[in-house]
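Over in TrEMBL, the protein carries these features:
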DOMAIN    30-282  domain 'Deacetylase sirtuin-type'
BINDING   98, 101  substrate binding site
BINDING   136, 137, 138, 139, 271, 272, 273, 282  NAD(+) binding site
ACT_SITE  154  active site, proton acceptor
BINDING   162, 165, 203, 208  Zn(2+) binding site
């Protein structure tokens with residue numbers, strides 16, 4: 001069972017499991033709260049289409065700080081660099097920041113929870129059942145753990161999009177371009193490299209050579225409409241939703257589980273502590 005896998009180590013040693021099942025009486029949009037693992041196993045055994053929502057708490061167990069806990073890179077907060085305006089004003093600085101993050105992610109490994117989710121997907125697939133991972137994380141650890149049916153709603157650190165032609169490409173090169181070799185140190189006294197734009201990552205699609213940016217959703221940007229459409233389709237057809245390692249405060253992802261519960265489908269939360277999603281959905 002995924003419960004045993006997820007409760008074996010780390011995130012899992014103190015995991016709170018909260019199962020919301022539809023009420024049989026009263027308001028249809030309410031749910032009753034339970035920590036009965038036997039009830040969860042029964043619901044899980046019958047589910048044909050499972051949606052698993054994951055957030056930064058899952059990756060934190062791999063040593064990746066959550067965005068809010070990331071603090072400062074040099075003298076800037078991460079939120080100040082993850083914007084279209086910051087990239088427009090100083091693409092060299094923003095690329096140094098993302099180069100630092102890319103290199104850090106490449107040194108991390110999936111943790112037991114990532115592996116449990118991947119094993120769950122593979123096992124259920126063999127039984128003719130379906131698992132879809134909908135993640136807010138941009139580190140690709142789900143893929144590295146073996147998951148294949150993953151929707152990354154905030155993009156990926158290892159994808160780029162061209163500012164000129166819009167082409168999206170995957171790149172795991174280290175470094176992504178020669179000019180970033182040895183750059184990106186996070187210490188406050190580190191000076192900006194001030195890399196000329198023509199030496200920053202450039203598009204290789206059909207000789208375009210446009211400036212590339214990380215293919216992640218920055219503050220002030222909207223989520224990819226195609227990804228959102230696919231997420232909506234998964235949420236509409238799932239008959240069980242698992243919420244793993246997310247505080248359920250970042251929108252629109254915070255509304256995904258309540259959306260499933262509103263259809264009368266069960267929702268199970270796996271977290272180290274209670275979150276806004278722990279209370280019955282209203």
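Cβ coordinates come from backbone N, Cα and C, glycine included.
TrEMBL: automatically predicted annotations, no manual curation.
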From binding-site residues 137, 138, 139, 271, the one whose Cα lies nearest residue 165 (Zn(2+) binding site): 138
Largest tally of Cβ atoms lying within 10 Å of a Cβ, found at which of the binding-site residues 138, 162, 165, 203, 208: 138
Other same-chain residues whose Cβ falls within 8 Å of the Cβ centroid of 162, 165, 203, 208, the recorded Zn(2+) site, in sequence order: 163, 164, 166, 167, 202, 204, 205, 206, 209, 210, 212
Winner by Cβ contact number (other Cβ atoms within 10 Å) across the binding-site residues 136, 137, 271: 137
Cβ-Cβ distance under 8 Å to residue 101 (substrate binding site), same chain, at least six residues away: 157
Cα-to-Cα gap, residue 139 (NAD(+) binding site) vs residue 154 (active site, proton acceptor), nearest whole Å: 10
Cβ-Cβ distance under 8 Å to residue 98 (substrate binding site), same chain, at least six residues away: 157, 214
Alpha-carbon distance [residue 154 (active site, proton acceptor); residue 208 (Zn(2+) binding site)] in Å: 25
Between residue 137 (NAD(+) binding site) and residue 154 (active site, proton acceptor), the C-alpha gap once rounded to whole angstrom: 7
Residue 139 (NAD(+) binding site): tally of other CB atoms within 10 A of its CB: 25
